[in-house]
Structures are given as C-alpha cells and as structure tokens.
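Trainee: Okay, handing you the structure first.
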Ligand SMILES: NC(=O)C1=CN([C@@H]2O[C@H](COP(=O)(O)OP(=O)(O)OC[C@H]3O[C@@H](n4cnc5c(N)ncnc54)[C@H](O)[C@@H]3O)[C@@H](O)[C@H]2O)C=CC1
Ligand SMILES: O=C(CO)COP(=O)(O)O
C-alpha cells in the first residue's frame, strides 16, 4: 500500500527516501517554489542537502493527490500539527495518520495523539518516534524507531508497512509513553547542551541526563505511561542520542545558551516550546520537574546558565 509524507522538512524527506525503498512514496510540500526546486534538482537542498531523491519518491504540492493514499505520515513541527490538520481536515478524515513530530502543544499541553484525536476523531492515529537523525536515515544508516498506536492490530500492520531496509520499527500500544519520551528528551537536550556550552563538563551532563530521565519518567507515568516505554527507544534511546550529539538542534540551542551566543530562530527546535508546555502542565499536576522549569527559564532568558546551575545545586537534598 502506498504511503504519503506530508511535510518536506528534514525528517519528512528522510522518511520518504527510506520508504521509497519499499515502493512508491509521495512527498507533499506546501511551498510551490520548494517543490519545484526539489523536482528540478532531485534533492532537498534546503532541508537535507547532499542526498538524492530516489526514483520511487514523487514530490507534489497537490494535497488532494498526496492524501489519496491511506497511510499518511505527518512530518511537521508539533506546534504546527493542529493547523495542518484543520486546514486539510476533509481530505485527512478517516485516514491512518502517523504523527512524526515530537513535542507537547504549547496552548493545550496535549501530545500529538491527543491533538489528532481531538481534531480528527474519524482518523486512525499513530506515532513514529525514537532516536533518529534525518541525515542518518536519508543516508541509509541503520536506525531503530518506536511505532505507537492504541490499536494493536493496526500497529502490527503499520510496522510491516513502514519498516524499511534501514528503519527497524518496534511497536507499542503505549502512545502516552512514546510521545512523552520524544517530547521531553528535547528539553533535557537543551539543558545538556547548555552545561557543555558553558564548559561545566561531562559529569554535569551525565547528572542532567540521569536526573532528566527521572523527570521524564515521573511526568510520563503521571500521564499514564508505562515505565518500560520510557526505558525504550522513544525515551532512553532518544535521550542519549539527542543529549550527546551536535547533530541535534535542541542540543545546539543549549550550546548557544551556555556560550551566551544567539541562535537562528528559523531552525526548528521543539524543546523550547515543549519546555514551556511541560512546565505549565507539571505545575497544574503538582509534579516536581526542576530541570524542565530551569530550561524554561533559560530559553526565556530569566536565568543565566550560572544562576540556573547554582539553583539546581542548592536544591534540598533528597533520596535518589
Ligand atoms: N530533523 C531530524 O533529525 C528529526 C526530526 N524529528 C521531528 O520531525 C518533526 C519535523 O521536524 P523537521 O522535519 O526536522 O523540521 P524542518 O524544520 O526540517 O521542517 C519542518 C517542515 O514543516 C513544514 N511546515 C511547517 N508548518 C507547516 C504547515 N502548517 N503545513 C505544512 N507544512 C508545514 C515546513 O515547511 C518544513 O518543510 C519535528 O517534530 C522533529 O522533532 C524527529 C526525528 C528526527
Ligand atoms: O529528534 C531528533 C533525534 O531523535 C532530532 O533532534 P533535534 O530535533 O534536536 O535535531
């Protein structure tokens, strides 16, 4: 069964390239000029330069054409997901929609699955997340991802359909755990980048990764997640990748904060909005999330990295 990817950014393009190894894939771009450039050069020079688009991958700006397929991957930033669904609701109704975004919606505190369910109740929602850089996927490097869907049978079908030569998918019905892991790991990556950028060392990063993982577990389980999900690819796996690589935009934002440098606002960094959304949600639920709260203060420039670290170090002592 053919697949379409909506969103011609780095991740959407990389997924389309990998899936094209299974058969025909349609990549939908909303921007006409961007689509024309990709059709002419057979490359996404803007978002994924240096990787040719395979023959089975066709680019279109025609949303009606792109949504003829039953399975649609939604590869837009989390804060743009709802607008995509609302704008094309009639064509997306009843389809199998696989959200490929990581984050928590700023003004509702909802994750991708809940946004899909509330916006398009007739659709069949799923989530694709886990430790994966678009560049690695596009270059055919081996990658493992978590495919989450409440419907176990549909999840199994999608796992067969979306697994490729270099994408090995593991399935789960714990959509809450999968989306919380993918969202919150970006917050921790900003924190880790900030301490490295400030020259505070790898031990400080290890402390933040470990205590950040504890915060992710606490928050996710309070939302109903299963602990083993956070210990898997979508949580622990993506946390370790994103907190330790310059390929991560969230980590690079943290580096810039730590160094006192500016960061290009046009670059997609999910962790900033997600930190604000998660901090507000944690306050409402009375959950202790000191690192998330600190990252919110860092990205909103209410604290310097020095002040932030000093406050974290002076917190009341407790059991691990
Ligand atoms: N880049 C990567 O290595 C990975 C990214 N992801 C996730 O993929 C999601 C998308 O990020 P990237 O592709 O990396 O970002 P990107 O910045 O490369 O591309 C975002 C794309 O979304 C499009 N877009 C934005 N608003 C839209 C709308 N309302 N309707 C249609 N298209 C719209 C933009 O035109 C752009 O093509 C994020 O949630 C990210 O966390 C997940 C794994 C890896
Ligand atoms: O989600 C990702 C890796 O799994 C991509 O990370 P960034 O969004 O930080 O670039």
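The backbone N, Cα and C atoms fix where each Cβ goes, glycine too.
Given the structure is predicted, the values throughout are model-derived calculations rather than measurements.
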Trainee: In TrEMBL, the residues 130, 132, 185, 238, 248, 249, 250 are said to bind sn-glycerol 3-phosphate. Which of 95, 102, 156, 281 is said to bind at that same site?
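Mentor: Among 95, 102, 156, 281, only 102 appears alongside 130, 132, 185, 238, 248, 249, 250 as sn-glycerol 3-phosphate-binding in TrEMBL.
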Trainee: Per TrEMBL, what member of 70, 87, 228, 270 joins 11, 30, 102, 134, 249 in binding NADPH at one site?
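Mentor: Checking 70, 87, 228, 270 against TrEMBL: the NADPH site match is 270.
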Trainee: Residue 270 (NADPH binding site) to residue 250 (sn-glycerol 3-phosphate binding site): how many Å between their Cα atoms?
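Mentor: Given the Cα positions, residue 270 (NADPH binding site) is 7 Å from residue 250 (sn-glycerol 3-phosphate binding site).
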Trainee: Go through the recorded positions 30, 102, 185, 249 and tell me which ones have a CA within 10 A of the CA of residue 132 (sn-glycerol 3-phosphate binding site).
Mentor: none
Trainee: Out of 185, 238, 248, 250, point to the one nearest residue 134 (NADPH binding site) in space (Cα versus Cα); all of them are recorded positions in the record.
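Mentor: Of the recorded positions 185, 238, 248, 250, 248 has its Cα closest to that of residue 134 (NADPH binding site).
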Trainee: If you measure every Cα to Cα pair among 11, 30, 102, 134, 249, 270, the residues listed for NADPH, what is the largest value in Å?
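Mentor: Farthest Cα pair among residues binding NADPH: 23 Å.
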